[in-house]
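Engineer: Okay, so TrEMBL annotates it like this:
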type	residues	note
DOMAIN	B:99-288	domain 'ABC transmembrane type-1'
TRANSMEM	B:39-61	transmembrane segment
TRANSMEM	B:110-135	transmembrane segment
TRANSMEM	B:141-174	transmembrane segment
TRANSMEM	B:220-242	transmembrane segment
TRANSMEM	B:262-282	transmembrane segment
Amino acid sequence: MDTSTTLAPIDARDRGGPRQPLLIVRNLRKHFPIRSGVLGRVSAHVRAVDGVSFTVMKGETLGIVGESGCGKSTVARLLMRLLKPDGGEHIFDGEAVGEAGGISVAEMRRQVQMVFQDSASSLNPRMPVQGSVAFGPIAFGTPRDRALAQARQLLAKVGLDPVLYGGRYPHELSGGQKQRVNVARALALDPRMVILDEAVSALDKSIEAQVLNLLQALRRELQLTYVFISHDLSVVRWISDRVMVMYLGEVVEIGPSNAIYETPKHPYTRALLASRPALDPDNRRLEAPVSGDPPSPINPPSGCRFHTRCPFAEPVCSARAPALGEGDVMAHLAACHMQDAASGHSKAVREIRH
Amino acid sequence: MSTTTATASPPATINATPPRQRGYWGNVGYRLRYDPVTLLFGTVLLLIILCAIFAPLIAPFDPYQESIIRRLKPPGYRGHILGTDELGRDVLSRILFGGRITLTMGILPVMVATLIGGGLGVLAGFAGGLINALIMRVMDVFYAFPSVLLAVAISGAMGGGAVNGMIALTLVFIPPLCRVAETATTQVRNLDFVDAAKATGAPLRLVLWHHVLGNILGPVLIYASSLVSVSIILASGLSFLGLGVTPPEPDWGLMLNALRQAIYISPLVAAMPGIAILITSISMNMVSDGLRSAMDVRS
């Protein structure tokens with residue numbers, strides 16, 4: 001798309017201009033305490049998110065992939081401030097969230113909305129779906145009638161006939177219809193960014209495709225920025241501009257979608273990609289590329305957290321943690337000693353590359 | 001990929017009458033209309049309440065008028081439809097008048113306790129952590145005593161009388177109602193739709209009001225209605241010990257206790273106040289059960 005000729009309408013809420021990333025996260029941490037004993041003393045921490053950094057540019061879609069329990073959903077809830085981070089910076093359009101001189105959490109939430117994985121439990125069972133969609137605007141002072149009219153328009157936008165479905169209760173809708181309602185609710189406050197936490201994972205394949213197409217169309221129409229979290233690698237590739245791979249609460253690789261899928265750098269990413277079912281029946285993989293479950297995030301392995309399952313692990317891997325490094329937004333980075341010429345790994349790249 | 005590029009054009013509007021545009025309470029009323037059992041018991045309950053209110057107009061005799069020669073007469077004796085008690089007073093008139101005190105002592109403490117206990121439970125369940133521990137541990141202290149003993153102790157400390165009796169009963173019912181509300185709230189609080197409502201940035205009180213309260217009303221209401229009959233019995237227990245209503249005031253519990261001694265002489269009359277309590281509490285339970293299923297949108 002030629003951005004120089006199509007002038008985007010100026011969003012009054014845009015403060016930093018097009019080059020200012022919409023979201024910057026630096027060193028985000030969330031450690032859940034494990035309490036034990038009668039006194040409830042903290043005996044250990046689950047390091048659900050341990051030093052995650054990334055940026056999201058305006059108008060792009062960042063995909064986040066990883067195994068179950070790698071911290072994807074915790075990242076989503078931290079970005080929404082449904083959980084309080086234990087550390088790190090969280091900057092929305094150039095302003096620190098929830099800090100003096102920045103924007104308040106409530107203000108950030110008006111501009112960032114979330115679609116949850118479980119389409120059933122994320123709608124109030126005692127509220128007609130148009131009421132669920134209209135709740136946010138009503139809470140912010142839109143008159144009830146107007147908010148409900150807007151809600152019906154939004155339902156039409158996501159492909160649900162408001163006359164037929166607006167007054168229904170969640171249990172009267174199918175899973176795909178409920179997820180459309182969830183999308184409509186997320187759009188009700190006219191957000192700039194939508195976090196989609198496994199938003200299509202629970203839907204069957206044909207419905208999933210419909211909802212994905214809907215999301216793409218809405219993104220273009222409303223100039224939204226997405227953070228798309230999923231364990232489904234094909235879906236993430238299809239929808240994302242850039243992809244971030246997480247393992248045990250850390251980012252192991254981040255880069256443009258094509259680069260990640262065509263030339264993955266981190267052994268974990270390679271294993272993850274290899275674990276997709278083969279489309280060629282004569283060329284099926286008979287052994288799993290990564291075996292076993294990921295180690296416990298309570299006592300993560302020393303050094304590189306993947307070294308316990310990595311086929312290329314060497315002493316340096318358990319001794320030192322590899323750094324992700326820094327680069328510009330489109331850089332393809334991997335936290336692996338093999339990508340660092342100075343690491344001492346026998347398979348490390350020979351030259352310092354730029 | 002499917003060919004339906006979903007957005008933009010709404011689907012062709014089907015020319016069907018829009019189903020249900022009644023709103024929440026409209027729906028509840030609609031469902032109640034087709035529930036004959038609830039309607040029947042609701043009518044009975046309404047009649048009992050009306051009888052209590054209009055007792056002076058419909059009672060055939062003075063409920064305080066004693067007569068030595070007409071003691072413990074069977075039902076039907078000289079216009080005494082339900083017979084006479086151990087002091088020769090008309091049982092029907094006393095039941096009609098007694099309904100005023102008994103229903104008040106049965107319903108009012110439960111209503112107040114539902115507001116206070118329910119409110120505390122929702123607060124404890126929603127806030128969690130230290131506030132939850134504080135509220136629930138205090139409730140546990142009250143749980144340590146049997147409810148009868150607690151009611152006796154509290155009203156004994158405050159002195160007799162119907163008002164003090166009602167305050168004692170209210171205090172007795174707060175802990176269990178708080179516990180029920182807390183459990184229900186804790187279950188609802190962790191569901192995604194509460195998170196989604198919080199994520200809109202809406203003030204917490206609106207999230208509570210619209211998304212939490214409606215979903216815990218059912219269990220709390222059912223439990224509260226079952227407490228009404230308990231409250232009537234407990235109130236009569238207090239009266240029996242001279243702590244609640246005092247004779248000669250007509251009260252169903254008090255009458256039951258007094259006529260207990262006449263159970264071998266005139267069993268039918270002795271059973272009358274008990275039957276009144278039974279009908280009232282059954283009606284109460286059936287109505288609240290019907291109300292709960294009418295309030296359940298999934299039915």
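Every residue, even glycine, has its Cβ placed from backbone N, Cα and C.
Annotations in TrEMBL come from automatic prediction, not curation.
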Engineer: Can you say which of B:39-61, B:110-135, B:141-174, B:262-282 has the most Cβ pairs under 8 Å with the transmembrane segment (B:220-242)?
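Structural biologist: That would be B:141-174.
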Engineer: Given the transmembrane segment (B:262-282), which of the listed stretches B:39-61, B:110-135, B:141-174 has the most Cβ pairs that are under 8 Å apart from it?
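Structural biologist: Selected stretch: B:39-61, with the most Cβ pairs under 8 Å.
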Engineer: Six or more residues out from either end of the transmembrane segment (B:110-135), which same-chain residues have a Cβ under 8 Å from its Cβ atoms?
Structural biologist: 169-186, 189, 208, 212-213, 216, 220, 224-225, 227-228, 231
